[in-house]
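Inspection log for the structure reproduced underneath, given as structure tokens.
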Amino acid sequence: MAEFPSKVNTRTSSPAQGGGAVVSTLSPDLGFVRSSLGALMLLQLVLGLLVWALIADTPYHLYPSYGWVMFVAVFLWLVTIIFFVLYLFQLHMKLYMVPWPLVLMVFNVGATVLYITAFITCSASVELTSLKGSQPYNQRAAASFFSCLVMIAYGVSAFLSFQAWRGVGSNAATSQMAGGYA
């Protein structure tokens, strides 16, 4: 058996100037905003805001169907803001262990399905809940139209994120380094 050495050399050192803290500044990636993914996210944010603002301006709480539309619109709007900020400031690059193309594809497919149900619910409830030609009728009809548009925007995003996840048109090694957006 080896014995414990009788003499051990130790060395102490003082911390570096400034405490060793790393400070990095967040700077927006304007290339992301110009990309198809960034432009679609901005479109989803604007259209989603229109949907829930139009519904919120009516007495939607009296009708459960509009409660569902509000839930879908507000929830997906907030999650889209989170994804937009993550990609705009390249925070997704710091969380490299997360498969972002897959996460984005699953989110966009789920958002498309939820907006399909919200669009059907909203458009089917317009005539049942308000008088034709009244302000609530017009607002709910406009919300139905914009929910259809945002549903299409999420569908296009789902298709593009599926292609990014599969690696169509890019090398798998460079797609992670390029930020993962087209």
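Each Cβ is built from the backbone N, Cα and C atoms, and glycine gets one as well.
Annotation source Swiss-Prot lists domain 'MARVEL' at 32-166, citing sequence analysis.
Residues or ranges marked as region 'Disordered' by Swiss-Prot: 1-20.
Under the heading topological domain 'Cytoplasmic', Swiss-Prot lists 1-35 (among others), citing sequence analysis as support.
Same-chain residues lying 6 or more positions outside the topological domain 'Extracellular' (57-68) and placing a CB less than 8 Å from one of its CB atoms are 117-118, 121-122, 124-125, 129-130, 135-136, 139-140. Positions annotated as topological domain 'Extracellular' by Swiss-Prot, on the basis of sequence analysis: 57-68 (among others).
Marked as topological domain 'Cytoplasmic' by Swiss-Prot: 90-99 (among others). For the topological domain 'Cytoplasmic' (90-99), the number of residues in each DSSP class (helix H, G, I; strand E, B; coil) is 3 helix, 0 strand, 7 coil.
Residues or ranges marked as topological domain 'Extracellular' in Swiss-Prot (evidence: sequence analysis): 121-141 (among others). Over the topological domain 'Extracellular' (121-141), the average per-residue pLDDT in this prediction is 92.
The feature topological domain 'Cytoplasmic' is assigned by Swiss-Prot to 163-182 (among others).
Feature annotation from Swiss-Prot assigns transmembrane segment to 36-56 (among others). Beyond the transmembrane segment (36-56), the same-chain residues lying 6 or more positions past its ends with a Cβ under 8 Å from any Cβ of the stretch are 66, 69-70, 73-74, 76-77, 80-81, 83-84, 87-88, 104, 111, 118, 122, 139-140, 142-143, 146-147, 149-150, 153-154, 156-157, 160-161, 164, 181-182.
Annotation comment: Swiss-Prot describes 69-89 (among others) as transmembrane segment.
Marked as transmembrane segment by Swiss-Prot: 100-120 (among others).
Sequence annotations record features per position, and here Swiss-Prot assigns transmembrane segment to 142-162 (among others) based on sequence analysis. Only residues 6 or more beyond the boundaries of the transmembrane segment (142-162), in the same chain, are considered here, and those with a CB under 8 A from a CB of the stretch are 36-37, 40-41, 43-44, 47-48, 50-51, 54-55, 69, 73, 76, 101, 104-105, 108-109, 111-112, 115-116, 118-119, 122-123, 126, 182.
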Revision key, fill the gap. The answer for the topological domain 'Extracellular' (121-141), taking Cβ pairs under 8 Å and residues 6+ beyond its ends, is 51, 54-55, 57-59, 62-63, 65-66, 68-69, 147-148
Practice item. Report, as numbers and ranges, which residues of the same chain sit near the transmembrane segment (100-120): CB under 8 Å and 6 or more residues beyond its ends. Key: 37, 44, 51, 68-69, 72-73, 76, 79-80, 83, 92, 144, 147-148, 150-151, 154-155, 157-158, 161-162, 164-165, 175, 180
